Amino acid sequence: MPRLRGPGAPPRVTVAVAVVVVVMAVVVQGAAGQDATFPSLTDAMLPPDEGPEGSVAGVSLGPGHSLLCSPPLDPLEVTQQPPTTLCAFVRVNVTRQAARLLTLTFPTSTLTVEIDHLGVWLGVAGDGAAPPAVFFFEARFPPGVWRHLCLQHRPAPPQAKCVVDGAREPPSTMSVEDDQGALASRRWSDAGGNGGGQLCVGGGEVEADVAGVALWFQLLQEDVLAGTSGCETPWRGGAPRMSLGSWWLPKGGAAPATFPLRQVCGAAPRLVLVRPAGTFRGHGVVCAALGGAVPSAAVLAPALATTLASHNESCRGPAGLLSWVGGSPVGGTAAEETCPALTAGGAAQAACVRQLPCSVCTVPHAALYRLYGHDGSLFDHTFFLQAEGGRLAFRGAGGSRLERDGDGWRLVSELHGRRWTLADAPVPVGRRLWTEGAAQTVLALTVCRSGQFCCSDGQCVAQTARCDDIVHCRDRSDEADCSVVVRPQGYDPYYPPPPRPGEEPPLDLLYHVDVYSLDDITTEGGSATMNVGMTLMWHDPRIKFLNLKSGVKNYFPCNLVWTPSVRAVSGHGEGTVLQTDDYEKFCFAHANDEKEQRPLSDAFMSHQADGATHAIQNYVGVLASTPCHFQLERYPFDTQKCNISFMLMNAPWTRVFRKTTPGASVEYFDTRRVLLEYELHALTTEVSAFLQGTDNNTYFALTFHLQRLYGYHVTNSYFPSLLMFFISWATFFFQVDDFTNRIMIALTAQLVLAALFTSTTQSSVRTPYLKLIDVWYAAVITFCFVIVISQTVINVVLHASSVPRAALLLVGLRGAALQKGKVAIFSFARNRSPKGLPRGPEGGLQMAAAQRYNRVLRVAVMVVAVLFVGSYSLMALGAI
């Protein structure tokens with residue numbers, strides 16, 4: 001069976017200047033033989049006794065409801081949706097809104113294919129537990145053109161692949177609007193199933209021919225998938241699990257038919273005559289703008305005479321040149337370069353800068369042109385090439401026409417008498433200024449897809465290249481009109497945005513705050529100077545965003561939109577207004593997972609994002625200094641909080657601050673946390689409101705949690721004073737009768753403590769109330785004073801002429817006081833007494849009493865001191 005070489009993928013060439021296009025003829029297709037060893041897919045789909053050799057079983061759908069279904073599979077064979085490959089030849093006869101083309105049902109899910117002139121939708125709906133998975137591919141299906149379509153779907157994770165005429169179509173990332181400007185929404189059926197798998201063709205209001213339908217429950221390899229049509233290469237895979245045949249059941253307007261393989265594979269590119277053609281490079285730009293290319297001499301020569309027949313001698317250029325042909329320039333400088341051309345006698349070389357009156361392009365039959373810049377109420381948005389009486393015309397999907405009018409072009413509709421004209425223009429391709437009377441409108445006719453931007457001369461560049469500060473278009477139009485925000489007429493940035501659908505005031509005003517640095521904080525200075533970055537986030541449903549780029553901040557002037565007016569106040573919302581330095585302020589927006597729209601009413605083909613789904617973000621860098629009201633009762637083991645608040649002033653009662661991330665912590669970016677006297681322990685924030693007059697102003701407070709560095713005080717106050725106490729207390733170990741040294745050392749220690757206390761008081765902050773350090777010094781000085789008094793008491797007891805019984809009882813000498821004859825145990829060994837003490841029993845009793853007083857007071861002072869130090873340490877640790 002002969003094999004015909006079908007169309008390849010439409011060439012993608014760079015576009016430059018727009019030119020006039022005139023369609024004159026269709027290229028004659030050439031046949032290529034096939035290797036009989038490998039049967040084609042179309043042979044495998046046809047039973048041996050059905051249809052003539054070289055034909056494909058198919059069905060004609062419509063008008064009206066049409067359906068052709070296969071017999072159901074055994075439910076035990078297909079219990080759940082497997083990986084699926086679905087292929088078919090498709091020819092759309094009448095283009096309408098997207099209509100159902102193929103439906104594959106499983107016991108728990110349904111796979112649906114919809115098609116129109118915009119492309120192909122693949123939707124997979126399950127049992128309702130999860131939302132449907134929808135994939136869109138911008139595969140072009142112009143009226144009357146056969147194309148081979150293959151779709152693959154992997155259930156988990158959901159993935160889809162589309163191959164048209166052997167070329168892979170990338171998934172579209174943009175939502176698409178229909179010709180009326182509304183979003184093309186798709187409603188996918190819930191999981192159906194009739195007890196087993198079943199494949200149906202049609203089912204919607206579609207007028208189309210479908211042939212060679214084949215289904216595999218596997219994912220074919222890329223090279224095999226590209227050859228499943230059987231038009232160009234023999235297919236190497238196994239037979240499909242299901243294929244269209246005479247046993248399928250038609251319903252409604254479905255009419256089973258067979259189509260010659262030569263017909264379904266015969267959509268060869270058109271030969272399009274362009275005049276005036278211009279230079280070699282200019283003609284290449286024109287062909288690329290049409291979605292085609294300059295043909296080779298081998299392709300053009302056989303059809304050149306037919307193409308030029310209706311133009312007589314008007315297309316004959318200098319030296320008999322008729323058309324440029326594909327090839328590369330030869331030569332040195334631009335003036336010396338020669339380029340391949342074609343004359344009536346054959347191939348030739350001509351100066352590349354020559355201006356030819358005519359030349360030819362090859363344009364795929366599937367070329368589709370989108371007209372941007374109008375709302376669709378008067379004219380179509382989608383156009384196809386159509387030759388009418390030897391003149392090029394663009395036919396709209398809904399009846400509009402774009403045709404030559406003298407030296408220009410006119411855009412007309414069969415439904416009304418409106419007419420837009422493009423004067424003195426060789427071609428309508430690209431971005432042009434059209435007129436209707438005195439009114440002017442910018443329109444863009446282009447083959448560029450949704451992920452691309454059309455330059456003013458028709459060149460297609462990636463949409464991400466739009467407004468990236470790098471020139472990609474030859475005419476630099478990709479860097480023109482680079483506004484990020486579009487405001488409706490009458491927009492006033494003074495008024496806050498209204499609620500979004502479903503929202504009620506007060507609305508959330510999201511905030512995020514970072515602290516970059518803090519200056520040194522002293523108790524005496526009592527203020528904190530900081531560098532703060534504050535980001536506010538809100539939605540404004542009144543505006544639109546254009547061409548948001550993923551992964552970057554899309555900046556725009558803040559004065560274009562309403563922005564929150566925030567002022568800083570000291571304390572927790574109740575303090576005084578602070579003077580701040582807002583050293584940096586800018587607004588931006590991020591692209592998010594929401595689908596962007598590409599409104600056909602925008603001649604610049606912008607990708608628009610709704611302000612209701614994409615937040616405005618306002619960043620402000622603030623330098624501020626706020627007073628800190630320290631409470632120093634636990635000084636120097638105190639922890640302090642210093643607050644600064646940011647209050648919203650221009651949206652009372654309508655907005656409430658809310659932190660963007662959970663938790664109260666705030667990030668601190670400086671590695672230096674020791675702030676002279678304090679260490680930054682933590683940063684927190686909280687939201688509140690403050691009633692000011694009749695306005696309830698929301699605010700968020702930023703709190704610095706500070707821990708005082710007490711090591712200096714330990715080494716310079718506590719340790720020396722404790723040493724002085726121990727020195728004073730050590731006098732209890734001196735000889736009881738050495739009163740002079742005892743009292744002098746105790747008094748000296750007390751005087752040193754007083755000096756230390758005075759020095760500490762002068763070097764630390766002064767307060768009208770006691771601090772922990774004051775309590776310490778007061779206690780230690782008191783202990784030293786008690787020691788001095790104790791030494792005096794001991795000396796009095798030692799030198800008293802008589803020891804009162806009560807004094808002896810006080811220190812536990814009851815037995816000695818009652819039994820004087822046994823006092824010898826307290827006397828000196830040789831009946832000697834210290835100087836000034838009486839000899840005998842009375843002198844020994846005084847010494848014993850003094851020693852007993854010395855021991856008791858020594859222990860008592862130490863016990864009280866230890867108890868105090870322990871209690872004080874617990875208070876200090878509790879404060880820390």
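Any Cβ shown, glycine's included, is placed from N, Cα and C.
Small disclaimer: the values here were computed from a predicted structure and weren't measured.
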Quiz prompt | From Cys448, Cys482, Cys558, partner that TrEMBL gives for the disulfide involving Cys467 | solution = Cys482
Practice problem: Check TrEMBL and name the cysteine among Cys455, Cys460 that pairs with Cys448 in a disulfide. | Solution: Cys460
Quiz prompt | transmembrane segment per TrEMBL - which of 743-763, 806-826 | solution = 743-763
Self-check item: Selected from Cys454, Cys455: TrEMBL disulphide partner of Cys473
Solution: Cys455
Quiz item: Short question: which residues 6 or more past the ends of the transmembrane segment (775-798) have a Cβ under 8 Å from it?
Solution: 717-718, 721-722, 724-725, 728-729, 731-732, 736-737, 739, 742-743, 746-747, 749-750, 753-754, 756-757, 760, 807, 837, 846-847, 849-850, 853-854, 857-858, 861, 864-865, 868, 872
Quiz item: So which of the disulfide-bonded residues is most packed in, judged by how many other Cβ atoms lie within 10 Å of its Cβ, out of Cys455, Cys460, Cys467, Cys473, Cys482?
Solution: Cys455
Quiz item: Between Cys448 (disulfide bond) and Cys482 (disulfide bond), what is the CA-CA distance rounded to a whole number of Å?
Solution: 19
Quiz item: How many Å separate the Cα atoms of Cys473 (disulfide bond) and Cys467 (disulfide bond)?
Solution: 11
Exercise. Count up the helix, strand and coil residues in the domain 'Neurotransmitter-gated ion-channel ligand-binding' (499-648) according to DSSP, in that order.
Key: 3 helix, 72 strand, 75 coil
Quiz prompt | Protein Cβ atoms within 10 Å of Cys448 (disulfide bond), excluding its own | solution = 23
Practice problem: Sort out the residues at least 6 away from either end of the transmembrane segment (856-877), same chain, that have Cβ-Cβ distances under 8 Å to it, and list them. | Solution: 634, 637, 710, 725, 729, 732-733, 772, 775-776, 779, 783, 786-787, 790, 793-794, 811-812
